[in-house]
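Comments concern the structure below.
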Amino acid sequence: MIRWLLLVALAVPPSSSASWRPRPAQQRQPNTVNPMVRSMYNMYNVYGMLREDSNENAQEELDDVTPSNHTEYDFIVVGAGTAGAAVAARLSEVPDVSVLLIEAGPRENRLMEIPMVAAYLQFSDSINWNYKTKPSETSCLAMKNHQCKWPRGKVMGGCSVFNFMAATRGNRRDYDGWAAMGCDGWSFDEVLPYFMKLENFEVTDTPVEKGYHSTGGPVNIGSAPYRTPLATAFLGGAQELGYKIVDYDGKEQIGFSYLHSTVKDGERLSSNRAYLHPVKNRTNLILSRNSRVDKVLIDPSSKKAYGVLFVKRHEVIEVRAKKEVIVCAGAVNSPKLLMLSGIGPERHLYDLGIDLVQNLPGVGENLQDHLSYWNLNFLINETASIRSMELMYPTDITVDFAGDYIKTKKGPFSVTGGIEALGFVNVNELSSTETYPNIEILFAGLSAASDPLFHMLLGLSEEHYDATYRNMLGKESFMILTTLIAPKSRGRILLQSKRPEDDPEIYANYFSNKDDVRVFQKGIELSIQLSKTRSMQKFNATLSDNPILGCEHFVKGSDAYWDCAIRSFSSTLYHPAGTCKMGPVNDVMAVVDPRLRVIGIDGLRVADASIMPVIIAGHPNIPIMLIGEKLADMVKEDWDLLSDNQVRKNRSWDRMFARNRRG
């Protein structure tokens with residue numbers, strides 16, 4: 001029965017069911033993506049039907065409420081994403097305060113719980129803002145119109161719904177560096193208790209550092225229950241090069257490991273599921289979904305934020321905040337909302353006809369991002385990789401994998417977007433004493449050769465895709481994503497107009513600092529060296545030598561060749577940050593102070609990746625949740641809302657941390 005239902009769900013024309021292959025380029029239809037997306041959704045509808053708790057997800061979501069005009073709440077939280085979900089859940093722990101949580105997107109559905117389909121969720125306009133960078137002549141050169149795609153979450157849980165679920169904290173020096181810049185309270189020793197408070201750490205197959213992890217928090221951190229033999233070989237190769245297998249969220253980050261991820265029982269754990277599902281019955285927490293906030297309302301004379309305007313089903317609604325408005329809209333939409341509300345660079349707002357409320361030149365500036373090089377694809381001589389597209393079509397093995405996942409939550413569908421292992425390295429200092437990484441090396445048991453829709457995910461031009469990838473389709477392969485995690489380049493975000501419905505203008509300015517190219521090249525060369533180790537050569541790992549359009553006239557492997565290749569095939573790893581920079585009030589480019597209060601405005605805070613003065617050396621998913629946790633405590637402290645029990649809890653965390661560190 002299960003097998004029959006899966007075949008129906010994954011159905012494509014009978015002539016192609018035995019062995020799916022892409023059509024030749026000249027026959028491909030413009031709407032190529034639709035059959036794949038339909039197959040995924042159909043498969044997961046069957047998944048829902050087969051589960052006894054098929055309605056569980058809808059039942060555990062907060063009810064959607066449309067507030068009446070001019071309704072008052074103690075706190076208004078804008079954005080139910082990675083940070084906003086944590087903020088709303090923690091503030092509503094205080095039963096005497098009311099919290100309105102406003103989210104632009106819809107609720108999660110069961111499809112979003114499958115780890116393997118992470119990248120394909122980006123095709124959905126209903127949950128993705130679908131931003132793009134401005135055209136560039138120095139980066140994104142293989143992409144259509146030289147624009148990199150920037151997926152941003154528009155759904156309950158935000159980007160934690162379609163990211164790759166990596167659970168990393170960054171480096172001690174990240175947070176100590178923030179503190180040294182005047183961000184009091186944000187040193188590593190001061191934020192570590194929050195990392196421990198939020199997690200329920202269940203990783204057992206890699207080293208675990210004593211005193212750095214805990215259980216009992218809302219965010220489950222574990223490992224995928226399925227691995228390819230290639231991932232094991234990848235770690236073996238790293239050891240051959242002298243790297244250790246480490247707990248990268250422990251005492252030392254440099255080294256390699258299997259991926260720690262935000263999964264629970266083989267399913268994705270978004271911030272929505274972690275923080276909001278357990279508290280859905282709180283009567284003091286009110287949610288309005290599918291509601292786009294267009295403006296924070298600020299009294300121009302007192303400079304006090306007193307509410308927001310939002311649009312829901314074409315109706316404009318004004319709601320009031322008796323205490324504070326907290327913006328958790330992300331590194332793109334938080335600066336956009338501030339500028340639409342009259343907070344930002346004076347000249348820019350004046351040019352757009354927006355009345356100035358507070359001149360803060362740092363709003364939208366200081367944009368940073370992690371870039372990955374997406375063109376290290378290696379062919380192998382064994383059936384050992386994950387062919388992601390073939391998982392979506394009804395071959396016998398596909399049905400077996402899908403059935404296994406439905407029954408046990410194991411198998412290839414449980415792998416987090418294909419990412420299985422990673423390493424943090426410093427390519428400038430390969431000595432054993434270096435503790436701060438500038439490159440992350442991610443291993444994926446699949447590659448561009450696994451997926452004929454890869455070019456759509458990145459926005460590659462057809463010409464670049466055909467030249468570089470088409471002859472690899474259907475071949476066994478894997479990919480190493482070399483990622484620049486300590487970039488020196490800085491970009492900016494500006495408004496396109498004063499119309500809230502218009503996308504902002506994203507000037508990524510990738511590689512504006514040439515040091516980034518140099519470090520990137522060293523990271524790529526190290527990744528290639530790793531593929532040549534004995535462990536990886538058991539699979540005869542061979543780097544694809546397909547040409548890169550525009551780089552053919554350079555000698556392969558030369559500095560000039562890598563400069564061209566890097567500027568062509570590097571794109572975001574979905575980690576923009578820094579656009580509402582935290583800093584001391586005497587920092588002219590700071591937007592929020594160390595308590596995340598917008599400088600010069602009373603009753604308004606920002607809490608998300610935008611407040612990072614310098615981006616962390618790791619995936620920001622967990623640090624953004626930490627920002628939400630810490631913000632909630634600061635708000636409670638400032639309004640005297642911390643209960644005696646909560647004060648005791650916080651003190652016990654501090655004592656436990658100190659005791660464990662001594663031990």
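The count begins at 1 with the first shown residue.
Each residue, glycine too, has its Cβ placed from N, Cα and C.
Feature annotation from TrEMBL assigns signal peptide to 1-17.
According to TrEMBL, the FAD binding site annotation covers Val155, Val293. Neighbour list (Val155 (FAD binding site), Cβ cut-off 8 Å, at least 6 residues apart, same chain): Glu103, Gly105, Pro106, Arg107, Glu108, Met112, Ser126, Ile127, Val161.
According to TrEMBL, the domain 'Glucose-methanol-choline oxidoreductase N-terminal' annotation covers 330-344. Outside the domain 'Glucose-methanol-choline oxidoreductase N-terminal' (330-344), and at least 6 residues removed from its termini, the chain residues within Cβ reach (under 8 Å) are 78-79, 81, 129, 131, 150, 152-153, 158-159, 293-298, 300, 354-361, 363-364, 367, 493, 495, 498, 500, 504, 506, 576-580, 591, 598, 601, 606, 608-610.
Other C-beta atoms found within 10 angstroms of the C-beta of His575 (active site, proton donor) number 25, with every protein chain shown included. DSSP assigns His575 (active site, proton donor) to coil in the three-state reduction, outside any helix or strand. Feature annotation from TrEMBL assigns active site, proton donor to His575.
According to DSSP, His619 (active site, proton acceptor) sits in a coil region rather than a helix or strand. Annotation source TrEMBL lists active site, proton acceptor at His619.
All protein chains shown were included, and the count of other CB atoms within 10 Å of the CB of Val293 (FAD binding site) stands at 26. Computed over the domain 'Glucose-methanol-choline oxidoreductase N-terminal' (330-344), the whole-number mean pLDDT of the model equals 99. Annotation note: Val155 (FAD binding site) sits in a coil segment as assigned by DSSP. Distance noted between the C-alpha atoms of His575 (active site, proton donor) and His619 (active site, proton acceptor) is 7 Å. Straight-line distance linking the Cα atoms of Val293 (FAD binding site) and His619 (active site, proton acceptor), rounded to a whole number, equals 27 Å.
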